[in-house]
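S.K.: First, the structure itself, so that you have it in front of you.
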Amino acid sequence: MGTLSFLGCIDLTIVSTAAPVIQDEIGATVTELQLVVNVFVVALATGMVTAGRLADGHGRRRVLLAGAVLFGIASLLAGFAPSAPWLIVFRFLQGAACAVLYTATGALVSAIFPPHQRGKAIGWLYGVNGLGLAAGPVLGGVLVTSASWPWIFWLNVPLVLVALAVCLRTVPESFGERLTGGMDRAGVALLSTSVPALVLGLTLGHTEGWTSPAIVALLLYGCGGLVAFGRVELRVRNPLIRPRLFTGRTFLGAVTADFSLAFFYCVALFLMPLYLHTVRGFDGHTTGLLLLPCTAAVAVLSPLVGRLVDRFGTRPPLCLGFLTFALSALLQTRLTPTTHLGSLIAAFVLMGVGWALVLGPATVAALSAVPGHLAGTAVGASWTCHNLGGALGLAVGMEVYRLAARNALADRLAERDLSAGPWALRVVENPQDGPALLQRYTGLTAEQAHDVLAAVFTAGSRAAMGLLLGVAVLTLAVIALGLRPAPPVRSVSRGEERASTTSR
């Protein structure tokens, strides 16, 4: 199980590190590159509750194995993608498969381990996931430097085959709540279309125009579809997401933390490799090594955090996690083209520490808020909110980046008595072509063009990190002051159990 969940985590960070190389080799714009990352998260957001219901009703092991097969096929096809649009399609299929892998593994862990060991077990599961996150940047850098970018996807195929063989022999079947009235097809249709429409509208609005009929239609359908989805879930017999789950403070606190966690790391992991490559000029291998402290912190600390949850509950690590996120974002709002590497690494380590402190405890809090037979549904709902946060976060965060970068470009050109024409958006969207565009339209030297581009990209990144700082502080306040996730769960001895039974 851990191996399959591990694969999804590798795919998240390995693509982030390889993104600048993919952008150069297939001629992708920043928007297309954003979609390569974001459709993966959108597929997770729209698929996890469906996967959770299928896993509970049709067998968690069976659904897990089917998801693994789909993930392997999608990875193989992604490596053969001839252009950015095809890569976007295959990344969506990968995300749909990962929705199954994440949901089924979480539900199986909940079914196999008793409550007093669940935090430790989930901590170890996320420790394995952390190894995937940690290995991703390094493997991505090595593969794009020594081989070619398709190998970041083809690497998954043999690992899937090994994981399938292990799961067939060692993982027991587990069932949750059976679906007696059929799947909520209306809910599936609304969720699967409204979230992509909303994210696509937010992503393409800057290029198509926010008042263009297509963008307005996408945004209206996305928002209206989510409202309709909520109304449908209140009425159907087998809702994808049980609205009553969100009436409990424990579950609501968990999904709030999950939403903000993904909002933070999806934006940060998209911008950090581009900063290291575009502004600092590091190759893929060096970029992967510099990101390693962030993801390694998740791998090392997740098992320890699981033990803390079993002893102290979920609220303390969640609060501490968002505090460290805020500190990481604060450091990154002060980035310059010449920031000392020590400051960069400190910001990356703080992000990894915060990630470890939030990821496992948020899942434990969600599981503790529901009875065991709804574990798959709870994990699916929690991770849907998590990935919805990531998808919306990347769309909103990159729009903040673009606005700040365009303003910075106009200011830099004005300092030289130059004006930004229609080509200016291409500079922001295509950092790899930025220096050539600046030289062609402004007459700047190569060195001057690089300095302008570095300042523009840094200004956009700092603005996006300011947004993340606000998200971290707001979430910390919400969890600390209002929403209290689950208390610690301790093991009950036989003597205590006997005494409790006698007292009744």
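Placement of Cβ uses the backbone N, Cα and C atoms for every residue, glycine included.
As listed in TrEMBL for this protein:
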type	residues	note
DOMAIN	1-488	domain 'Major facilitator superfamily (MFS) profile'
TRANSMEM	33-51	transmembrane segment
TRANSMEM	63-82	transmembrane segment
TRANSMEM	88-112	transmembrane segment
TRANSMEM	124-145	transmembrane segment
TRANSMEM	151-171	transmembrane segment
TRANSMEM	183-204	transmembrane segment
TRANSMEM	210-230	transmembrane segment
TRANSMEM	251-276	transmembrane segment
TRANSMEM	288-306	transmembrane segment
TRANSMEM	341-359	transmembrane segment
TRANSMEM	463-483	transmembrane segment
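Can you walk me through where each of these features ends up in the structure?
M.R.: Tertiary proximity for the transmembrane segment (33-51) is limited to same-chain residues at least six positions away from its ends with a CB under 8 Å from its CB atoms, namely 11-12, 15-16, 19, 22-23, 63, 67, 84, 87-88, 91-96, 98-100, 102-104, 183, 188, 191-192, 195-196, 199, 203, 240-241, 262, 266, 270, 377, 379-381, 383-384, 386-388, 390-391, 394-395, 398.
Outside the transmembrane segment (63-82) by six or more residues, the chain places 1, 4, 7-8, 11, 26, 51, 54-55, 89-91, 93-94, 96-101, 104-105, 108, 150-157, 160-161, 163-164, 167-168, 171 with a CB less than 8 A from a CB of the stretch.
A Cβ distance under 8 Å defines the sequence-distant neighbours of the transmembrane segment (88-112), meaning residues of its chain 6+ beyond its ends; these are 1-2, 4-5, 7-8, 11, 15, 32, 35-37, 39-44, 46-48, 50-52, 54-56, 60-61, 63-64, 66-68, 70-71, 73-75, 77-78, 81, 118, 121-122, 125, 153, 171-172, 174, 176, 363, 367, 372, 375-376, 379-380, 383, 387.
Distant neighbours of the transmembrane segment (151-171): 1, 3-4, 7, 10-11, 14-15, 18, 61, 64-65, 68-69, 71-72, 75-76, 78-79, 90, 108, 139-140, 143-144; these residues of the same chain sit at least 6 beyond its ends, with a Cβ under 8 Å from one of its Cβ atoms.
Beyond the ends of the transmembrane segment (210-230), by six or more residues, the same chain brings 187, 190-191, 193-202, 204, 243 to within a C-beta distance below 8 angstroms of the stretch.
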S.K.: Using a Cβ distance cut-off of under 8 Å, indicate which of 183-204, 341-359, 463-483 has the most pairs with the transmembrane segment (251-276).
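M.R.: When the Cβ pairs under 8 Å are tallied, 463-483 comes out ahead.
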S.K.: Apart from its near flanks, which chain residues at least 6 from the ends of the transmembrane segment (463-483) lie with a Cβ under 8 angstroms of it?
M.R.: 249, 252-253, 256-257, 260, 263-264, 267-268, 271, 315, 318-319, 322-323, 325-326, 329-330, 332-333, 335, 354, 393, 396-398, 400-401, 403-404
